[in-house]
Amino acid sequence: MSKQNKNEKIQQFESESYVDPQHQILTTSLGVAVKDNQNSLRADSRGPTLLEDFFLRDKLIHFDRERIPERVVHARGVGAHGYFEAYPGNEKWTKAHFLTNSERKTPIFARISTVQGGRGSADVVRDVRGFSIKFYTQEGNYDLVGNNIPVFFIQDAIKFPDFVHAVKPEDHNEIPTGQSAHDTFWDFVSLNTEAAHMTTWVMSDRAIPRNLRSIQGFGVHTFRLINAKNEAFLVKFHWTPKQGVAQVVWDEALKLNGKDPDFHRRDLWDAIERGNYPEWELGAQIFTEEQAAEWDFDVLDPTKLVPEELVPVTPLGKFILNRNPDEFFAETEQVAFSPANIVPGIDFSNDPLLQGRLFSYTDTHLHRLGTPNFNQIPINKPVCPFHTNRRGGFANQHIHKGKANYEPNSVDSNYPREATEDQQAFTSYPERIEGSKLRIRAESFADHFSQATLHYRSLSTHEQQHIKDAYAFELSKVQAEEIRQRVVSELLSPIDQDLAQYVANELGLNVEKAKVKSPNSEIIISKKLSIDAFPAPDIAQRKIAVLVHNGANATTVNAIKKWAEQNNAIAEVLAPSAAPVKSSDDQEIAVNGRQNGEPSVTYDATVVVDGHNFDKFKSDGVAKHYVLETYKHLKPIVLIGDKSQIIEILNIKQDESVFITDDFLSIQNEFKQAIQQHRNWDREEAAKEIPA
Ligand code: HDE
């Protein structure tokens, strides 16, 4: 058969396939149609199963191998598709096509993850969130593999395995999952004070985000942008959520992890399904080597950030996540990111942490995905043409045509051949390097505390209080007193005396005077380090629980639902059972869920629409607890009814986000503002009186 005939024949078979998408028939993995998927082949109805049963074998053999090694860190994650659009004018900084062609929507796939826990761990743990984006550009895949925190724990890649061992569940009993509140983590960070700055971030509200739509992203390391004239600029990448940044309170986080361990994953999925597509602006702090040389920190040190007061963020474009994956394993689990995946116009720096990462990711993919052909998996495959001389390997998908698998060659007219000068190819920035070969840490990396202090002092009072409480909570879980003491005296004391004193008091320890003094005494405040600098612009996708009983006013319930819909928010009606309730005028009010099944921690505000005088509500423990918990977690509350004594019954203090009214529409604007603000931080003292 000629080659052409053979191809035609193959196409004919494909088109003859009976697998039409509407009426698919179950088959074996080789396409043999299956008649009975309920019973294995056996000798007589009660006899042994026959080895001959190729369908059973095909099914079990595949099933037995369904799991692949989970990621050694960032095992739990959620992914989504979307696109990136560049703003005009970036050619000043870079020649990267996807950053300079503002006409093209570059497809992206993002994966957001926790670090410490395994694949099945809970979402709302105190942890860093990984935030990776794969840009399928016309010049190859570019991966931005960052975190929601702008700095890192360590300065050199050689320490990464030690750090990860220490933060992961302890070696002897694999406890605790998804948390840093244990001896080995605090032992490590107190013995490696380069972690001081990052630890203040992990103890801050950044590590307990409300949802994954409301986190910032950072490239952490310094990278390079290179323009068409081969001029190079140093950059720090930032991506900022249009939704604003939002956190949970600690008690809420603890409860969420039990009541809905998939809270973040579900929220992202639901938002995308509803068409409330999360959006981020990608920007960069762009500076020169000369500028960097003037600063009192080293931009190659990943435990340091560049305060925006020194270099503001230049917006480069925006990206939107607008499509959920079709299959979790095929896409979110098999996606393979690497900081080494770059395109012309972007380059690395000598950050010693980044340099190690350039090796580690490909190495881990070889183990996790089991073949050097992992880039042929659909989610990892470039969308631009690619022509390599790589051949063979496990699970190779390509059937190459032609003879040449080497370059240069004369058998296939020397194709694929090297790019010429006028074809944009990747070239490394020709940085001049001289010096001796040494295992050494640069002197310019020696200050471990100035920016920890800068971070702490730049936060609002409530954020600082949360950091103090987080250190106290975590250290109270540490068994070894010497580790607790070391953290207080050698990690916290040099950062801030008041912080160290508070934590020491909570743990019954003494604060020794800091042995190390922060060398930078003129600490400035850097405003963008506080979550308060990123308020939500609206109440889109915020969820309101509407608690009802029989006798509730149907007109009010409908008005709230309509109002929420107009504001792109979600109002869900919750009752003692899932059955519809009878309104005061004998109508049926449809119910979205049971109060017991849809806890307050999964909503952003609570409204009570009860019968006259809150009669039913007053005697319903579940409903009362619902409102008290909403109050404790500082979220807005609306009580619709005519009895002001309800405040006394609940034993709460009325404040600017607790509304009692007969007429919902009369407080709609204030309520909207309160939901947008999300938490009433001024309520924190009063909320302490409410039992957890
Ligand atoms: Fe990673 N990191 N990392 N990391 N990292 C991995 O790669 C590593 C670091 C980050 O959604 C692993 O595919 C080393 C910094 C994210 O699939 C592994 C060092 C930052 C993800 C690895 C670091 C990150 C990973 C595990 C120090 C923020 C999830 C599985 C030198 C800028 C990617 C994998 C995804 C994953 C190594 C430090 C972010 C083992 C050696 C700093 C977001 O290769």
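Placed from the backbone N, Cα and C atoms, the Cβ positions cover glycine too.
All TrEMBL annotations are machine predictions without curation.
Going by what TrEMBL states, the heme site holds ARG71, ARG111, ARG357, TYR361, ARG368, and the candidate of PHE160, PHE163, PHE426 recorded there is PHE160. Non-local neighbourhood of ASN147 (active site): VAL128, ARG129, GLY130, PHE131, GLY217, PHE218, VAL220, each in the same chain, at least six residues away, with C-beta under 8 Å from its C-beta. DSSP assigns ARG71 (heme binding site) to coil in the three-state reduction, placing it in neither a helix nor a strand. Candidate binding-site residues: ARG111, ARG368. Fewest other C-beta atoms within 10 angstroms, ARG368. A simple way to gauge crowding: the CB of ARG357 (heme binding site) has 20 other CB atoms within 10 angstroms, across all the protein chains here. DSSP assigns ARG111 (heme binding site) to a strand.
Distances between the Cα of HIS74 (active site) and those of the binding-site residues ARG111, ARG357, TYR361, ARG368 are shortest for ARG111.
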